[in-house]
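Asker: Got a structure for you, written out below as structure tokens; questions coming shortly.
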Amino acid sequence: MESESESGAAADTPPLETLSFHGDEEIIEVVELDPGPPDPADDLAQEMEDVDFEEEEEEEEGNEEGWVLEPQEGVVGSMEGPDDSEVTFALHSASVFCVSLDPKTNTLAVTGGEDDKAFVWRLSDGELLFECAGHKDSVTCAGFSHDSTLVATGDMSGLLKVWQVDTKEEVWSFEAGDLEWMEWHPRAPVLLAGTADGNAWMWKVPNGDCKTFQGPNCPATCGRVLPDGKRAVVGYEDGTIRIWDLKQGSPIHVLKGTEGHQGPLTCVATNQDGSLILTGSVDCQAKLVSATTGKVVGVFRPETVASQPSVGEGEESESNSVESLGFCSVMPLAAVGYLDGTLAIYDLSTQTLRHQCQHQSGIVQLLWEAGTAVVYTCSLDGIVRLWDARTGRLLTDYRGHTAEILDFALSKDASLVVTTSGDHKAKVFCVQRPDR
């Protein structure tokens, strides 16, 4: 299905008519603008009902010791300029690698950093709630459970810890192999992670019931639970992709060889109803996969990397890669962000490049605003940008960091963007859009 020699923005696959998109109920869902109500609780979530957690009330107590630095005029550093942020959280003493917002209220953030520390704090004023103590390596993963009652942190050595948010007490920990990624199940107190030994793990928290999903003998570099909560897609360093049945513990589909990637996977995303999966790799390709059939139905790469040498032919092959990707929830569009600073917007119904938006430096992550065709990007130049995917136009940008942005999160109502950076800080930006 791939064609290494073909150039241009169009996909390496036949046009949609040849793919029979309109005769395939699963594929046609990608152009459905109204995905309908979410699926009912799945079997896996029902299995977890014996774990009982109290609903936490909004945490209002704060640390009164004045840990927060107010936004400063005239930031000193390699990226001098205005600070558009409303709140700066400055308790980390090294690069801040990850951030996540609590999904229930979007009032709390958890951040983890190179200083081996993780903190839970309030977005409104940057007030520290508690430290997730005990890590002995860089904290690279952090996130809240689906109901915001639990928060998990994971460090590079593979030590994972979970705290109950309302009591601020550690309730579970586990030492796996070197950690690659971590994610909560969308509707149950179940934590998933991928490690460098090729395993994907699933634990029921806090009792620790564990299931492992044995992959190839190479790192499980990225993963995502599908919206139905019954399956997960995992990408590996050898370019293979596996779609796992979480209840049975067995792979439903395995994509390898020409169906997989020609280099390590870097990121994976699913559309709103879970019918389609996007995978990205250092081979500069983004692949569109049917979650039902496990077949590749589209391959995308930008014009700027079409003639790039294949992996293994020299250092230049590492000069670009897919860093982040995602689906628009209201239009049949997908966004792919590249290390060379290219943001590519693809039309899924025609499998063609719609817009190519250039950044001054590499894109680290992108997020779609729910219910709109607006894409947010953060990049190595320390700037957050908002793009109109319909026109390819830059709507606005937000500045304030003095080093690269390493992660960011968007509140559900798109009123706040929270960023983490190599300048040892996390920042909260209030999004103001004249078109909204």
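Each residue, glycine too, has its Cβ placed from N, Cα and C.
Values in this document were obtained by computation on a predicted structure and should not be read as measured data.
TrEMBL lists these features:
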COMPBIAS  40-64  compositional bias 'Acidic residues'
REGION    1-65  region 'Disordered'
REPEAT    89-131  repeat 'WD'
REPEAT    132-173  repeat 'WD'
REPEAT    227-254  repeat 'WD'
REPEAT    258-299  repeat 'WD'
REPEAT    356-397  repeat 'WD'
REPEAT    398-436  repeat 'WD'
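Let's see these features in context: how buried, what's close, how far.
Answerer: Predicted-model confidence for the repeat 'WD' (89-131) is 98, expressed as mean pLDDT.
Sorting the repeat 'WD' (132-173) by DSSP state (H, G, I as helix; E, B as strand; all else coil) yields 0 helix, 23 strand, 19 coil.
Sequence-remote contacts of a segment are chain residues at least 6 beyond its ends whose Cβ falls under 8 Å from one of its Cβ atoms, and for the repeat 'WD' (227-254) they are 38-39, 41-45, 47, 185-188, 192, 194, 198, 200, 202, 211-213, 215-216, 218-221, 260-268, 270, 272-274, 277, 279, 281, 283, 287, 289, 291, 293-294.
Long-range contacts of the repeat 'WD' (356-397) within the same chain, counting only residues at least 6 positions beyond its ends with a Cβ under 8 Å from a Cβ of the stretch, are 9, 79, 302-303, 323-331, 333, 335, 337-345, 403-410, 412, 414, 417, 419, 421, 423, 429, 431-433, 435.
Here the repeat 'WD' (398-436) is broken down by DSSP into helix, strand and coil counts: 0 helix, 18 strand, 21 coil.
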Asker: For the repeat 'WD' (227-254), what are the DSSP-based totals of helix, strand and coil residues?
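Answerer: Split into helix, strand and coil, the repeat 'WD' (227-254) gives 0 helix, 16 strand, 12 coil.
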Asker: Please report, as numbers and ranges, the same-chain residues at least 6 past the borders of the repeat 'WD' (89-131) whose CB is under 8 Å from any CB of it.
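Answerer: Apart from its flanks, the repeat 'WD' (89-131) reaches 58-59, 61-63, 65, 67-69, 137-144, 146-148, 151, 153-155, 163, 165, 168, 403, 406-409, 411-413, 416, 418-428.
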